[in-house]
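Data block below; observations after.
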Amino acid sequence: MRLLLPNPGLDDRIHSYEDLERMDKEEAEDRPKWDNKAQYILTCVGFCIGIGNVWRFPYLCQSHGGGAFLIPYLILLVLEGMPLLLMEFAIGQRLRKGSVGVWRAINPYLTGIGIASMLVSLLIGLYYNTLIAWIMWYLFNSFQDPLPWTQCPLNENRTGYVPECQQSSTVDYYFYRVTLNTSASITDSGGLHWPVVVCLLAAWTVIGICYIRGISTSGKAVYVTALLPYVVLAIFLIRGLTLKGAMTGVKFLFTPNLMNPTTWLDAGAQVFYAFSLAWGGLISFSSYNPVHNNCKQDAIILSAVTGFTSIYAATVTYTIIGFRATEKYEQCISENIRTLLNAFGVPENSITTSNYDEAFLHLNSSHPDTILGLDIKICDMHKLLSEGVEGTGLAFIVFTEAITKMPGSPAWAVLFFVMLLCLGLSTLFGNIEGVVVPLKDLGVFPKKWPQEALTGVTCVVAFIFTLLFAQHSGLYWLTLFDNFAGSVPLLSIGFFEMIAVVYIYGVDRFNEDIKFMIGHKPNIFWQASWRIISPLIILIILVFYLVTQTQQQLTYLVWDPDSEEFPTLASIPYPPWINAVIFLLAGIPSLAMPLYALCRLIFVRVPATSQLTSAVHLQVLPQNL
Amino acid sequence: MLEKVLFLLCLTPALAQEPCFPGSSHAYKVRISIKTALGNQAYVWNDNEMYLFRAAMAFALRSYHNGQEFNVSNIMVCNETPRVSFWFVVSSPENSSVLLKKGDVENAIRKSRNRINGAFLLTDQTLEFIDIPPTLAAPVMPVTPPWLIVFGVVMGAVGAGIIFLLVSSLVQSKRKKNKKTLDEDREDMRGIENGLGCDNLGGVYNTTFSDGDKFTPM
């Protein structure tokens, strides 16, 4: 495929090979540099492995049925994830600029891709750090025994618990009422909830200090934030496997369901998000590498590590989920036994867990009316294993409940939330890199400002924006951002990136670059995937996503103590003005590239032609001396 | 006459039995779950344990109604099941045919609940008086919320770190500036030897031996 769009002036915008060699030998570049290769790899691993690996991947794996999901996931990891990864690594290493600089160098009309990456990184960073703030709140509150989410407050006359807590559960109450003070709808903002504000302040300060000098400080922080989660996961794995019911959970995770066409779609989307592609952070990070760094090896290593970690985290998560489900199941059965014993007045040990089923059948056949009046709950293990196992529900409700049932709960709670904190922080480093460096390249900040000032200003401004999530309706705003800011825009940016590199920069030039950097051309697998396979996969996923999103009714789940389905979350439609917000979140970043190209075409092209001719003259003169 | 005597004779036992029946407005149901509470160390419920229960009830009523001397005979039990649940009523010590109101019995039990539980090694949940809810223990709340302490520690450390990093980078940049001006002075000094400037000697300045940097700034 020799399709190549005309791209004049490309050589003037990028370093030539001689320049690169010279910069490499003399180390004359003024860009920051990695202290060693390990720092770079750990930063990328930390960036890719985030909270989603703990609470998104295991849910997908289980809902599509373990084995049936892993195969599409691993196939798409290789066909879609790895080529895009190598492409971002190589282009960053070759052009040695952040995401805006890279696309501007390839063609000034493509700067919109970089701007889109920056906007997406900013929007995702805002709500991601709110999650970090919530995690910090739980972490700060884990240093006490008993844990605060094991207790319900009493009502006024001390005869019972607060009804909201009584009807749901202590963990639900603690999350929705104490931590967030959730209102009943997104329109009901209800003012700021100060514990969240305080934790947001803590979260942005921690990010600020870790990134205060750019990668020279964050590169040191990743030694902890990227490695500690693996250690904690190992501890949890050992603890989890010794718990009762762990293997039930793991079996449930890996038992295949019927093959669903959406399995491939979900697997593809998950691979895309897992690799943090199109955020711009990876391009920035690899631009700090030495010129001859073996980026192909890095891409393969990173893909393998991400795949392995996803499965590893999923296994650990499901041992804990299996334990919790078993505990709840046994509790349910015990309660039913108690009800039966009390109603029929039979001695205590006549009905036990082992003969519960026969006893129940016997009693049901002999006294059906009494049984009906008793309100015996149906104890469904399958339902218990499937409930609340995604997203915030997993971390703050299911896991916290499971931890309270383990001996030594505060220690386990601290470990768990420290792990989540590290996972989140290391992803945020890449995120903030994808925001600060493009802003610097675009000239939003004055050139004289040191890195500390850039980080400081970014963190302060972002803190003010995240106060949106500190409102009582913050949870609903966060879910909105999660659903719309991070899905369609990333896919469209990824698609444009591939098209830009393959058909505007030129895949032949790209191959030559890689040959220059690592010594050999990428083989037929990479060629086929860059030119056809990966763009096609992304396009298919994008189209299906758009189709399903537009067909869906815009509803969301609310915590409403006055609703009939309480404690189950009620589903209510969004208010009509939400469409404008969704357009801002998803539409603007996706359309940034065509919009910028159009604007440049209209406003910059005509006066630029005269500038271009004079620029050419200036370039020619010194060489003639 | 004889029939009247017979009728009265039959009636009295009936009357004596009549006060304690399930659902009576003066009766309380008690449910005891020994095996749930004690597991392997559960004792067997027998008449002696029942006697202890009646004695405990009498004790509770005595401590609540100061002065009135309740006896074990004032506590009547009926409808015992193998579950170990039964109903009981309390009669007044002065007049054994008058039953105590539920409210009084309830208050007496509430007051001495812990002692009654303790006598049987049980808890509020395993020695249940139906319709008497146990007073719930307030949730444990430490004086200073622990999260504030941890938050303070973390923010203090982070704040100190930020100040340290900012100060050290300011110091570094100042040092670099001083070094730069020092280097520039040294370069200016290179053209002067033995305290004499080259141009003072009246010679031609030979550019071969000086740094070209001065003429071709980068």
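Glycine residues also receive a Cβ, built from the backbone N, Cα and C atoms like all the rest.
Feature annotation from TrEMBL assigns Na(+) binding site to A:GLY46, A:ASN53, A:LEU423. DSSP assigns A:LEU423 (Na(+) binding site) to a helical segment in the three-state reduction.
The transmembrane segment annotation in TrEMBL covers A:40-58 (among others).
Marked as transmembrane segment by TrEMBL: A:70-91 (among others).
Sequence annotations record features per position, and here TrEMBL assigns transmembrane segment to A:112-140 (among others).
Under the heading transmembrane segment, TrEMBL lists A:192-212 (among others).
Residues or ranges marked as transmembrane segment in TrEMBL: A:224-247 (among others).
Long-range contacts of the transmembrane segment (A:267-288) within its own chain (CB-CB distance under 8 A, at least 6 residues past either end) are made by residues 31-34, 40, 43-44, 47-48, 50, 52-53, 56-57, 60, 64, 69, 72-73, 75-77, 80-81, 84-85, 88-93, 95-100, 102, 114, 117-118, 120-121, 124, 215, 295, 298, 302-303, 306, 310, 427, 429-431, 433-434, 437-438, 486-487, 490-491, 493-494, 497, 537-538, 540-541, 545. Among the features that TrEMBL reports, transmembrane segment is placed at A:267-288 (among others).
Taken from TrEMBL, the feature transmembrane segment covers A:300-321 (among others).
Sequence annotations record features per position, and here TrEMBL assigns transmembrane segment to A:411-432 (among others).
Using a Cβ-Cβ cut-off under 8 Å and counting only residues 6 or more beyond its ends in the same chain, the transmembrane segment (A:453-478) has close neighbours at 122, 125-127, 129-131, 133, 176, 180-183, 185-193, 196-197, 200-201, 204-205, 207-208, 211-214, 392, 432, 435-436, 439-440, 445, 556, 558-559. The feature transmembrane segment is assigned by TrEMBL to A:453-478 (among others).
As annotated by TrEMBL, transmembrane segment applies to A:484-507 (among others).
Residues or ranges marked as transmembrane segment in TrEMBL: A:528-547 (among others).
Residues or ranges marked as transmembrane segment in TrEMBL: A:577-598 (among others).
For A:ASN53 (Na(+) binding site), the same-chain residues lying six or more positions away in sequence with a CB closer than 8 A to its CB are A:ALA274, A:THR309, A:SER310, A:ALA313, A:LEU423. Within the same chain, residues at least six positions away from A:GLY46 (Na(+) binding site) with a Cβ under 8 Å of its Cβ are A:VAL222, A:THR225, A:ALA226, A:SER426, A:THR427, A:PHE429, A:GLY430. For the transmembrane segment (A:484-507), the list of distant contacts is 1, 3-5, 7, 10, 84, 87-88, 91, 103, 106-107, 110, 113, 116-117, 119-120, 123-124, 127, 269, 272-273, 277-279, 527, 530-531, 534-535, 538-539, 541-542, 545-546, 549, 582, 585-586, 589-590, 593: same-chain residues at least six beyond its ends, Cβ to Cβ under 8 Å.
Note: the stretches the transmembrane segment (A:224-247) and the transmembrane segment (A:40-58) are in contact (3+ CB pairs below 8 A, sequence gap of 6 or more). At the 8 Å Cβ cutoff, the transmembrane segment (A:577-598) and the transmembrane segment (A:112-140) share at least 3 close pairs (sequence separation 6 or more) and count as touching. Among A:40-58, A:70-91, A:192-212, A:300-321, A:528-547, A:40-58 has the largest number of CB pairs under 8 A with the transmembrane segment (A:411-432). The list of residues near the transmembrane segment (A:192-212) in space but at least 6 beyond its ends in sequence, with Cβ under 8 angstroms from a Cβ of it, reads 129-130, 132-134, 136-137, 140, 179-181, 218, 221, 225, 425, 428-429, 432-433, 436, 451-452, 455-456, 459-460, 462-463, 466-467, 469-472, 474. Neighbour density for A:LEU423 (Na(+) binding site): within 10 A of its CB lie 28 other CB atoms from the protein chains shown. No contact links the transmembrane segment (A:528-547) to the transmembrane segment (A:112-140), because fewer than 3 Cβ pairs that are 6 or more residues apart lie under 8 A. A Cβ within 8 Å of the Cβ centre of A:GLY46, A:ASN53, A:LEU423, the residues given for Na(+), is found for these other residues of the same chain: A:VAL45, A:CYS48, A:ILE49, A:GLY50, A:ILE51, A:VAL54, A:ALA226, A:PRO229, A:THR309, A:CYS422, A:GLY424, A:SER426, A:THR427.
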